[in-house]
Amino acid sequence: MPEAWARRAHMDAAGYDAAVARVEADPEGFWRDVAGRLDWIKAPSQIKDVSFDKADFHIRWYADGVLNVSANCLDRHLPHRADDVAIIWEGDDPADSRKITYREAHEEVCRMANVLKSQGVRKGDRVTIYMPMIPEAAYAMLACSRIGAVHSVIFGGFSPDSIAGRIKDCDSRFVITADEGLRGGKIVPLKMNVDLALTSCPGVEKVLVIRRTGAHWLEHGGRDVAYEPLRDAASTDCPPEPMGAEDPLFILYTSGSTGKPKGVLHTTGGYLTWASWTHELVFDYRAGEIFWCTADVGWVTGHSYIVYGPLANGATTLIFEGVPNYPTTSRFWEVIDKHQVEIFYTAPTALRALMREGEGPVQKTSRKSLRLLGSVGEPINPEAWLWYHRVVGEGRCPIVDTWWQTETGACLVSPLPGATALKPGSASKPLPGVKLQLVDAEGVVLEGAVSGNLCLTDSWPGQMRTVYGDHQRFFDTYFSTYPGKYFTGDGCRRDEDGYYWITGRVDDVINVSGHRLGTAEIESALVGHHVVAEAAVVGFPHDIKGQGIYAFVTLNVGVAATEELRGQLVRWVRQEIGPFAAPDVIQFAPGLPKTRSGKIMRRILRKVAENDLTNLGDTTTLADPSVVDDLVKNRAGA
Ligand code: PRX
C-alpha cells in the first residue's frame, strides 16, 4: 500500500482496528456517530433494535429519527456547494454530454416532485421507474423520496412480462418512463414495453413519459402524460416530506433460488446512512472529486453508488448512458479523460471483455486523473484484477473489490484504501461493525483458514427490512437456514490472514455478466413455451460473463429437436425475461436425472455443463441412471 494512501485516507490501519474495537465496546455510540453524518430533522435517540430470532424477529435502525433523503442529497449542499456539479451526464453518443449543478438538480427534482403530486402520487405510493440512463432517472428517484413515495426501479433491459410482474407485485399505480432509450447506438423501446406490460396491469393510472429521443409514442388517453409541458409549468419549490427513519424508501426486485423475484425493501435512515458512509470510506471520497460508477440505476449498485451515496456526500457523480464498446472499445477510458474522473467503479465482466481487446485501446488514453479503482458484482479473477491494476491504473491506483448484495444496501466487505494491504481477487475484510461468519452445511461455525457458507451474525444499518408484501418469505429466505444468522447465499474462503475470498453462489442463483438470475425463473420461462415439457438450468464457467446459462430441455413427445427450435427457445427467453437472460447453450434431453422422489439432481447437470464428466458422483440413487449416459453423449459443445 503506497505511503501516500496511508497518510491521506479517512481510515488507516490503526483507525480500522480502533473502529472495530469501538463498535464492539460501544455499538450504540458508534452507530449514532455514523448516522450523524446525515442531516436529521429529528436526530434518532433509538439507535439499534434488532433480533434475528424467529420468536421476536425484527430489524429497526434509528427508528425515532426523522429525515428526508432528497434533502440530504440536495438541499443541504446548497449553502456551500450550489454551483458545484452534482451530475455529469455522458450520453451514448460521445458528442452528447451535460453538467448539472446542485442548484439545477435541486430545481429539477422539486419540479418533478410537484408534477408527481399533481398526478396524484401521495406519500407511501409505489412508483415504478423504467428509464434509460439519463439525469431524469436520478431526478425521478429523488423526487419520489422528496414526497415520501416508494420507488421501484426496473432495469431497462427487462421485458414487458417482467415489468408487469413487478408492477403487480407492489401494486404500483404510477409509472415513469421515457419514449425510448439509446444504448450502443441502438434504440430501446421503453414506452412500447411499458404499453405491452400494462395490457395486464389495469391498476396503473398514470404513465409519465419523458422525452429522450423524441420518437412518437402511442398515447393512451387519460393514462399517458408527456412530462415536459408539466415540468415547465411546475414550481421549483417543493418542501421535503419529513419521513420516519423506518419509512420505506424503495423496493428493488432481485432473483432468488425459488419463485418469482423478491421485492427487496429498503428504508430511509439506515439505508442512506450506509450508502453515504460506505461511499466515503470505501472509495476514500473527498469533497470535489469526480466519481463514476458504470452500473445501471436499475440495479442496486446504481441506486447506492450513482445516486444516493455520492449525492448524500456532495460528490460529482457521472451518469453514463452508453456501453463500454461503443463507438469504440476505448470509450470508458475516453470518458475518464474527458471528465477527469478520479474514482472509477465497474464490474469484472466489463474488464474481461475489454481485456480481450488488448492494451492498445487503453493506452491511447491518458487516465492521469484516476486515483482509485473499484470492482463489484462478481468475483474478480486475479488475472483481470492484475490487468485492471497494471494497465488501467498504471500501477498507481488501489483497487477496492467490494462485496455486497441488493439485500445489504451497500458494501459490506472491501479493502479500505490506506488501511488494507491488497490481495488480487480478495474482497479482503469486513467494514467495521460487519460481523461475518463461515459455517458448514449443518451450521457448525468454522474457525481459521477454511471455506464455508457466508453468514452475518448481526445487523448493519443498510440491511433490507422485508420482502415487500411477504415478511414470512423474508424470514424464510435469509434467516431459517442457519437460525439466528443472515445467510448470504454465497460460498467463501477465509485465508490465514483473515482475508475473505467470495467463491460464488451456493444456491440456485447464477451471476451472468454481473446480473443476478434465478435458474428457476429461466426454467419457468422455458416451460411456458408450448413445446417444452421440462427444463433445468445451471450455470457454467464463461470467460467473459463469469457464468453462462446452460439449459437442459425436455420436449413434448413428438416434437422434433431442431436447430431452429433451439433458436426459437432462446428468443422466447429473451422476450419473457430480457435479453441478458438468454441461454448460451440449450441441450435437448429426453430425460433429466431425478431421484426416485422426483427431485432433479442439479449436481449432475452442473458437472455435465462444466464438462467435468469424470466426476459425476453417485448416480445409483437416480430413478433412471441411463439418462446420464444420454446427457453425456449428447452434451452440447459449450
Ligand atoms: O454472489 C455475490 C455477487 O453478487 C451477489 C449479489 O448480487 P446483487 O444482489 O445483484 O448485487 C450485485 C451488486 C452488489 C452476491 O451474493 N457479488 C457481488 N459483489 C461481489 C460478488 N461476488 C464476489 N465478489 C464481489 N465483489
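Heads up, the Cβ atoms here are built off N, Cα and C, so glycines get one too.
Annotated features, as they stand in TrEMBL:
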| type | residues | note |
| --- | --- | --- |
| BINDING | Arg183, Gly184, Gly185, Lys186, Thr301, Asn325, Ser513, Arg574 | CoA binding site |
| BINDING | Gly377, Glu378, Pro379, Asp401, Thr402, Trp403, Trp404, Gln405, Thr406, Asp490, Arg505, Arg516 | ATP binding site |
| BINDING | Val527, His529, Val532 | Mg(2+) binding site |
| DOMAIN | 16-73 | domain 'Acetyl-coenzyme A synthetase N-terminal' |
| DOMAIN | 76-457 | domain 'AMP-dependent synthetase/ligase' |
| DOMAIN | 521-599 | domain 'AMP-binding enzyme C-terminal' |
| MOD_RES | Lys599 | N6-acetyllysine |
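Listed binding-site residues: Thr301, Gly377, Pro379, Trp404, Thr406, His529. Those with a CB atom under 6 Å from ligand 1: Thr301, Gly377, Pro379, Trp404, Thr406.
All protein chains shown were included, and the count of other CB atoms within 10 Å of the CB of His529 (Mg(2+) binding site) stands at 17. Within the group of binding-site residues (Asn325, Thr402), the Cβ with the highest number of other Cβ atoms inside 10 Å belongs to Thr402. Within 10 Å of the C-beta of Val532 (Mg(2+) binding site) there are 20 other C-beta atoms, taking all protein chains into account. For Lys186 (CoA binding site), no same-chain residue that is 6 or more apart in sequence has a Cβ closer than 8 Å to its Cβ. The two recorded residues Thr402 (ATP binding site) and Arg183 (CoA binding site) have their Cα atoms spaced 26 Å from each other. Applying DSSP to the domain 'AMP-binding enzyme C-terminal' (521-599) sorts its residues as follows: 24 helix, 27 strand, 28 coil. Spatially, by CA atoms, the recorded positions Gly185, Asn325, Val532, Arg574, Lys599 include one closest to Thr406 (ATP binding site), and that is Arg574.
On a Cα basis, Arg574 (CoA binding site) lies 16 Å away from Val532 (Mg(2+) binding site).
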